[in-house]
Amino acid sequence: MAAKDVKFGNDARVKMLRGVNVLADAVKVTLGPKGRNVVLDKSFGAPVITKDGVSVAREIELEDKFENMGAQMVKEVASKANDSAGDGTTTATVLAQSIVNEGLKAVAAGMNPMDLKRGIDKAVVAAVEELKKLSVPCSDPKAIAQVGTISANSDETVGKLIAQAMDKVGKEGVITVEEGSGLQDELDVVEGMQFDRGYLSPYFVNKPESGTVELEHPFILLADKKISNIREMLPILESVAKAGKPLLIIAEDVEGEALATLVVNNMRGIVKVTAVKAPGFGDRRKAMLQDIAVLTAGTVISEEIGLELEKATLEDMGQAKRVVITKDATTIIDGVGNKSAINSRVAQINQQRDEATSDYDREKLQERVAKLAGGVAVIKVGAATEVEMKEKKARVEDALHATRAAVEEGVVAGGGVALIRVANAIRNLCGDNEDQNVGIKVARRAMEAPLRQIMANAGEEPSVIANNVRSGEGNTGYNAATEKYGNMIELGILDPTKVTRSALQYAASIAGLMITTECMVTELPKEDKPDLGNAGAGGNMGGMM
């Protein structure tokens, strides 16, 4: 076991504080409408330019191990805020830095660290309650666009795109961000249910100019099995041919003579038919087939529940207004499924998502909800260079997370105003003793830090603006972009309540732990000893002669 280096008391806290300040100072230059960029060097490729707090925090490793421990703990604040709300990482870092700096001053003055922490925790619990009272629901597209604009560093086109995407696919819909091919940002919406399986044979194509299959008002056969024997299919093919409608077969696989016969029938025009593989694998495939069945009012033909393909009738078929199939995707548009059945299926999947333990499972379940409930929107980010593309894509993703958080828990006045109002609302809060009261003051003072930092980045005098905002009422604040006072909600300067709440809670949690630290232990750096192996070998050879 390697030898350890141990530091106690003030020595440990001074080192830790230095690390906290190095990381926080690098992150906080990005805060606000006039925040600056940070350039990150990469071991390969071009440097990355970013205004995203968590991206900056993740890059920082300090040489001194004690300082690095302080930096890593603040990095945890940014990461937690990012994981919880998807934004607010810089605000969380600024709050944590302020609480740690003020808290350690109080500890140096002889306050009890445990009581300080209890006071800070008490203040944060009260502040979160006040924050909820200030929160305003965010549901109309204009407010959603404003939240997206603020989070994307005042980029209005991004805010509008996100609002359009949410309007198209609904609150439960999946919105993804991809790199586009042009200079302009684009929104691509896939309505209906789409899954990544294409036609099994190019001979099914009926729109050769686009290389797609388009079926109008088709019957949809869902089978949880491989189909290789055409005899099983004959009764249903005859029924579909008599009905004069096209048929889409979604099965585990269609192969051999079954596929060949379907292709021949399709080419001769006897029955218009297309076959695709079912999406997913194993249990997920069964679940997705059931989703399609609910969407199209069909039944999954599965031997597990005693249904056989030979005995299937038209009543077992699903139906949709239109189906479009490319070589690698199938889209079912306007399934005839019962709305209440679809809603109960969505509720069931939502419950599974809430109970899921892995992020991957949660993501897949959310995708299934989106496909049933609305659709999928893709925001394609346009930029002139790869460096700009990466920076812009990160901003759009942040803005998307912020708007989701806003829809979930509502919005409060932005620009650091909400935290100042909250700090004022809890001014009469008292602890059990004087040390706890100091902890409450530390937390209240920290709540001014985001506004002060926004002003410092804008080149204003933080103390003057903070005093003016503090003496104001309601949502009155200072717009650093236009350098004017006004009602932040009316000006469209909004912060999602969830983002502000998460930033405050995580900052206080980790800063409280740092204030109560009395000892730090790290490994001593190893000294690389010169390799004397070759010299020894030469000496031995000399002895042998």
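Even glycines carry a Cβ here, placed using N, Cα and C.
The ATP binding site annotation in Swiss-Prot covers 30-33, Lys51, 87-91, Gly415, 479-481, Asp495 and is backed by sequence analysis. Over all protein chains present, the Cβ of Gly415 (ATP binding site) has 27 other Cβ atoms lying within 10 Å. In the three-state DSSP reading, Gly415 (ATP binding site) counts as coil.
Positions annotated as region 'Disordered' by Swiss-Prot: 526-545.
Positions annotated as compositional bias 'Gly residues' by Swiss-Prot: 535-545.
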*Provide the number of Cβ atoms within 10 Å of the Cβ of Ala480 (ATP binding site), excluding the reference atom itself.*
24
_Residues near Gly88 (ATP binding site) in space but at least six apart in sequence (CB under 8 A)_ = Ala81, Asn82, Ala402, Asp495, Pro496, Val499, Thr500, Ser502, Ala503
*How many neighbouring Cβ atoms, not counting its own, are there within 10 Å of the Cβ of Lys51 (ATP binding site)?*
21
*Under DSSP, is Thr90 (ATP binding site) helix, strand or coil?*
helix
*asked:* Counting other Cβ atoms within 10 Å of each residue's Cβ, which of the binding-site residues Thr30, Gly32, Thr90, Asp495 comes out lowest?
replied: Thr30
*Any idea what DSSP makes of Asp495 (ATP binding site), helix, strand or coil?*
strand
